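Annotated features in TrEMBL:
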{"type": "DOMAIN", "residues": "B:24-499", "note": "domain 'Cytochrome oxidase subunit I profile'"}
{"type": "TRANSMEM", "residues": "B:25-46", "note": "transmembrane segment"}
{"type": "TRANSMEM", "residues": "B:66-89", "note": "transmembrane segment"}
{"type": "TRANSMEM", "residues": "B:110-137", "note": "transmembrane segment"}
{"type": "TRANSMEM", "residues": "B:180-209", "note": "transmembrane segment"}
{"type": "TRANSMEM", "residues": "B:229-251", "note": "transmembrane segment"}
{"type": "TRANSMEM", "residues": "B:263-281", "note": "transmembrane segment"}
{"type": "TRANSMEM", "residues": "B:301-320", "note": "transmembrane segment"}
{"type": "TRANSMEM", "residues": "B:346-365", "note": "transmembrane segment"}
{"type": "TRANSMEM", "residues": "B:385-405", "note": "transmembrane segment"}
{"type": "TRANSMEM", "residues": "B:426-448", "note": "transmembrane segment"}
{"type": "TRANSMEM", "residues": "B:468-495", "note": "transmembrane segment"}
{"type": "TRANSMEM", "residues": "B:529-551", "note": "transmembrane segment"}
Amino acid sequence: MHLHKYEKIWLSFGIGSLILFLAILGVSAFAFGHHPPSEMATVDSQNLSEDPIFSNPGLEEIGDNRYRAVLIAQAFGYNPSKIEVPEGATVEFLVTSSDVIHSFTIPGTNVNFMVTPGHVNSAEYTFRESGEYLVICNEYCGTGHQFMQMVIEVVPQ
Amino acid sequence: MTQSNLAFKQTKIEEPGLHPKDSRIAMVHVSVAFVAFLLGVFGGLLQGLERGGMIQLPSWLGYYQILTAHGVLLALVFTTYIIFGFLFAGMSKTHGTFTDGLRKLGWTGFSIMSIGTVLATIMILTNQASVLYTFYAPLQAHWLFYVALALFVVGTWLSGSALLTHYYRWKKANPGQPTPLFGFMTTATILLWIIASIGVATTVLFQLIPWALGLTDEINVVLSRTLFWYFGHPLVYFWIMPAYMVWYLVVPKIIGGRLFSDSLARLAFILFLLFSIPIGFHHQLMEAGISEFWKFTQTILTFVVIVPSLLTAFSIFATFEQTGRQKGGKGLFNWIKKLPWGDVRFFAPFMGMIVFIPAGAGGIINASFQLNSVIHNTLWVVGHFHLTVGTTVLLTFFGMAYWLIPVLTGRRFTKHANRCGMVQTWLWTIGMFLMSGAMHILGLFGAPRRTSYTTYQDHPQALQWFEGIFASHITVAIGGVILTVAGVLMFYNFIYLGFLAPKGKTEFPITPAPLDTPNTPKYLENWKLWIGVAILLILFAYTIPIFHMIVDAPPGSPTFGNLIK
């Protein structure tokens, strides 16, 4: 197969760029731990009240200004529907669903993941600025999907 | 812009048309496509206005109901029917008239597809299937909706086998000769469709139908999503490959030239067949139950499938330059002036090509592993695919319709049709620039996709999505109105060319064989080899993660049909 000289240049440039992009993604992921949310833990979505973690959703302090928020997404809201943390707090979100597929999304941040029934998904975020953060569901979950929200109140210290 | 006379000179060339029976099967497909298109466009208009808070839908019509209709009618029905119409016509033109048996097989496929389409439309209109066109479990539609989907897919398999058999018979009758490019590309496209649709057929037949009927109590949600996206990504290549066929095979002839290279065209299509399937996880990057390792593996394969698009870009622009220079274009850029800018059969696909540059760049962002969290399920994604399928593919199909419809109905592609087409192309491009542009930026600000009008109790974060100068739901709605006007004009173009234009001959433009055709390597046509490699890649990318999804599955999900009504 004959490749024109310009085509060789074009393809080398194109494929070279793709390899560079992939290398950046790979280093960021595997050297610095910036993975997409890919939790492997499972739960029984129909019996969350008997689950050791999800039977008691809410906020828990797990270290110096570090918190774990255990949340249940359900049509059409989150349980609990509001949490409060101090400015500068690092929060680890553990979220599952008691019915259909939802998401846990804080617009304006990189926290944005799917919540599938039977699975736990998670992300971590440090709230450096105080204020009221909106959390929304961005996966269609039924006729009331547009009402599904909660807030995270970050109070100044 | 001056109107080139090229289009009209070429239409006067006398040449044997298609067999009337082949024209008929193609034209019926194209007609169903445009009826679905018109309905889908109105669905889109209502959504845009509702979401922008400009109208309120009546109580008997749901936002998610018309969103489902819009997606199904445009992304599944319009595309599939117009593609099959194009492929039946093109195979008849390049490989000879279909035998009665094969044509009958095509009609059977069409009938089964159409029963599925009508049934699905009824279920959506009666609000029993407002599950959107991705129908993610455990939201549950009426079981007849899933049966409709199964019928649709089975119908395409029958029509697809008619096309494959027609190609195979030509190959057998002409041993040792390179097959015509049209047949080669059709074969790659149909093989891709069949291998990919096995995934969606599996989840529909073995998971969704028994579960919706109550024969099984629970469904494995992640497995069902995975089987859907095993199909869902190659689906977009099923749209793009026929559009590329227009670029490779039709556009060179329209500009009065010849395709640059045969072997590169074949190589690109083989690469699509191999690499567009084992990459569905890039739609599932943000979900639990799939490990980082397999997500990254499929991310790498996703980047490989960009290469055939780079090859295509080179081939097409090389064809433009070569042709422009043959017509006396001098210097670095003067050949550009020699292209027929006033001929909509060239101009509409060309605008599609231009749009594919930002659209493709956006696609690379979407596939970029952890970067996906910035845009996942935001309006950015909707903006993205309204550029790729909604502009690149659709403008190319529109550009094709201007000659295909009069070829099929024995009419003439007139100056009037060309002028309407030019206006249509501009309106579509401008409308899409506003709508899709605003969607991209809104997405970066976090505005969700697939969400009815809401200000989240007047939260400032959500209110800003209505207040931007350009980045606003209002801009999206204005773009939607312009697109609706363009859509209605396109429907008029279909009616005019199909039923009103003066009788006469229109050329079916197909490029002469590229000069390097005799040197095309034989292995490019070794389908057994390529199907084998495609299956190996699929097994590599999917076996272990799917094994985990089944063996380590959590308790499944019951049906949630109540949430969609």
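A Cβ is built for glycine as well, from the same backbone N, Cα and C atoms used for every other residue.
Remember, TrEMBL labels are computer predictions, not curated facts.
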Non-local residues, at least 6 beyond the ends, that sit with Cβ under 8 Å of the transmembrane segment (B:263-281): 181, 184-185, 188-189, 191-192, 195-196, 199, 226, 229-234, 236-237, 240-241, 244, 248, 290, 294-295, 298-299, 301-302, 304-305, 307-309, 311-312, 314-315, 514, 516, 519-521, 524-525, 530, 533-534, 537-538, 540-542, 545
Within the predicted model, mean pLDDT of the domain 'Cytochrome oxidase subunit I profile' (B:24-499): 96
Any contact, the transmembrane segment (B:468-495) to the transmembrane segment (B:66-89), with at least 3 Cβ pairs under 8 A: no
Residues of the parent chain within Cβ reach of the transmembrane segment (B:25-46), under 8 Å, 6 or more residues beyond its termini: 18, 55, 57, 61, 66-67, 69-70, 73-74, 77-79, 81-82, 84-86, 88-89, 92, 98, 103, 106-107, 110, 114, 117, 401, 404-405, 408-409, 480-481, 483-484, 487-488, 490-491, 494, 498
Cβ-Cβ under 8 Å with the transmembrane segment (B:529-551): same-chain residues at least 6 beyond its ends: 191, 195, 220, 222-223, 226, 230, 270, 273-275, 277-279, 281, 289-291, 294, 297-298, 301, 523
Surrounding residues of the transmembrane segment (B:229-251) on its own chain - C-beta under 8 Å, 6+ positions past either end: 79, 83, 86-87, 90, 134, 181-182, 185-186, 188-189, 192-193, 195-200, 259, 265, 268-269, 272, 276-277, 279-284, 305, 312, 315-316, 319, 345-346, 349-350, 352-353, 385, 388-389, 392-393, 396-397, 399-400, 403, 509-511, 538, 542
